[in-house]
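These come from TrEMBL:
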DOMAIN    23-159  domain 'Cupin type-1'
REGION    182-203  region 'Disordered'
């Protein structure tokens with residue numbers, strides 16, 4: 001990751017950066033993405049990252065990174081990282097919680113969905129600038145007659161289906177989605193009884209549904225462990241310092 005061409009005697013060398021100054025997308029106050037690349041931090045070398053914040057049910061839309069692999073690290077909340085393996089033709093779903101990671105190989109089609117509020121992900125790339133090819137652009141810019149002809153589809157239905165996609169989505173569902181209330185901000189209990197809009201994702205018996213149920217169990221176990229640790233440290237007399245070490 002070293003930068004061999006950097007003149008470290010130059011007054012323009014930068015060693016720190018505040019990602020809050022480079023917000024590249026914002027859906028609302030709970031769903032937004034900050035970015036760090038060599039453009040912001042010129043000593044960064046062959047690495048970059050996205051600072052991703054999501055609320056329950058929000059999705060970093062299906063996309064690829066043509067120039068880098070992606071390592072997704074969970075800081076808080078919970079998510080499912082879904083990847084299509086182009087060699088085995090499988091959809092792989094990986095529930096991840098704080099401290100866990102999921103790796104997306106370079107160029108693979110993937111997406112991330114938050115399964116808890118206040119989900120905070122760090123996506124780390126082995127490239128100086130993270131490049132992003134979103135599915136929404138492919139769907140809205142490819143002519144409907146091409147989809148219809150290539151896949152033997154009804155062109156009118158293709159046009160109708162993709163008509164609402166008028167811009168790059170990044171974090172879906174879009175703010176103007178009529179189904180948004182059925183997805184955004186749902187509680188864990190509500191998601192156990194998904195709306196029709198989400199049945200394709202949580203369909204009973206599907207791999208994603210099984211992974212989601214496993215994730216719920218892991219979340220409950222994690223919360224119980226944290227509560228037990230806090231209780232034990234408080235009753236042992238370690239006081240405020242111990243409580244701070246558990247919660248923060």
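Including glycine, each Cβ sits where the backbone N, Cα and C put it.
For the domain 'Cupin type-1' (23-159), the number of residues in each DSSP class (helix H, G, I; strand E, B; coil) is 20 helix, 64 strand, 53 coil. Averaged over the domain 'Cupin type-1' (23-159), the predicted model reaches a pLDDT of 97.
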